[in-house]
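**Student:** As listed in TrEMBL for this protein:
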type   : residues : note
DOMAIN : 57-367   : domain 'Glycoside hydrolase 35 catalytic'
DOMAIN : 415-530  : domain 'Beta-galactosidase 1-like first all-beta'
DOMAIN : 557-616  : domain 'Beta-galactosidase galactose-binding'
Ligand SMILES: *[C@@H]1O[C@H](CO)[C@@H](O)[C@H](O)[C@H]1NC(C)=O
């Protein structure tokens, strides 16, 4: 049926674009004979009826259809890699892409909308369709996805009474404004309009939150009234299916292992219906300071093999996990506060850099065996490289940088990041805030849980300790021959919780009074250190002004600068953080993400489009102690 050019060695296999292959199949007479799972957006010229529930199966344009989906979140993959990832998905035998829409990135400040570059959702959806994939869209407003505040904008928290994910006016007003902007854009790309969107998920795992019985119906109406007309679904874990479910909306399941009770529960809720495992996952994300989570591919395949004969549809989470670039990662709150690491590899079928995993091959083989999908040779993987170790040349301490920042704010009491009078009233979403005051006596400093999340304490620029979720007391020994001493607390927002009712309590920075011998500290000077790209590019002094040469180990917090020479074309790499303590990395003035010696992640992925031929600037904001070298790796080092 299809001709594939094959030149012997695997690395020489020519890949014909799926678009080309599918063109040959646009013949409506043939459609009924095509495999049910391989009706692609490129084949269907006539659009009458989209995805429908008929008895225990889905139909698309009236033909039985089984959803074989994978999740790729466009904001975690560099835009230049979108197409190749989608192509790999199609070649793996998948027919549908699931993607989530992060409100906090699309509307970082009230009414400031961003839908371009790496946030060009429409370009991503269009690309999926060009590559032969249908789309299930999760427009939120809450998406979870292990993001900071589950993808909700932090400016919502300026309102002390905010009730996120409810019909509280302050929330619905903001949501309606966002949906007025978002929904008409996506509505045009629905199946019925000739686009690839075959289904839309309402919210995410609401059953586990369930603070307002009326909320889900409200979100449904908000979508439908703005033009969403394709199949609607809800998605919940097995225990919360009933609570998250809405009448006349298909309930789908999130789960790690197949459980008979769960799909029986599903049946008892909605009768005979197709079963869609909306999050089918091998493992979980990693968190700082914990051991790495490993998936069990054997287990995974066993479950998939069980799902197939039962007629299940599913979405594999993640197909390509990508990276929590910058500060977008959230945190989890089971057994303490656990911030998510920078890599969002998630035991996905493609690694962070898009390399195939052995599991990809297993899935591909299986899908081609059980569906008679055309065998497509997946595209080659662009090699990564370990550059020669770099010598770190220059540094500048944070204290030396302070005079170059915007005027600090003055406040009697501490102010949380969200409440800071910044960014046209939107507060500070991410990064660090430095709180400074003067003390005239020593004693016991107590934070009473008001340091969110991690505060390094300095007395006259000397590090004296850390206050965080686990430590809330620190003894301050004052120098008696000085009258006053400066006390500084550098507070890092390590990521807001991404789920649970406690998201309503999330405030970062100093969220209340800090006491010295039971007296609350007052008269703060507050510096916002959001570490935005513009700050690195324009506020930091240029070389050689103010920069000093690194000799020996320099104590943080400080910025370290080094230069990496790269050939043409640039190749991606991993920066190893061996020898460094904790901080963030910037490549050519763009924030890459967090690193921390406690692991498990030991190297940060640098996509090749971030590099250019010639000299590239690598800057590290190191909080603890700098190293004199930067090492590279050609493979991920996600820990043990
Ligand atoms: C205390 O301050 C004095 C005066 O600035 C200084 O000479 C001395 O070294 C300080 N002592 C300590 C223990 O830091």
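Every residue number used here counts from 1 along the chain in the order it is shown.
In case you wondered, yes, glycine gets a Cβ from its N, Cα and C as well.
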**Student:** Could you pull the average pLDDT for the domain 'Glycoside hydrolase 35 catalytic' (57-367)?
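**Tutor:** Summing pLDDT over the domain 'Glycoside hydrolase 35 catalytic' (57-367) and dividing by its length gives 94.
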**Student:** Using DSSP, how many residues of the domain 'Beta-galactosidase galactose-binding' (557-616) fall into helix, strand and coil, respectively?
**Tutor:** 3 helix, 33 strand, 24 coil
**Student:** Provide the three-state DSSP residue tally for the domain 'Beta-galactosidase 1-like first all-beta' (415-530): helix first, then strand, then coil.
**Tutor:** 11 helix, 53 strand, 52 coil
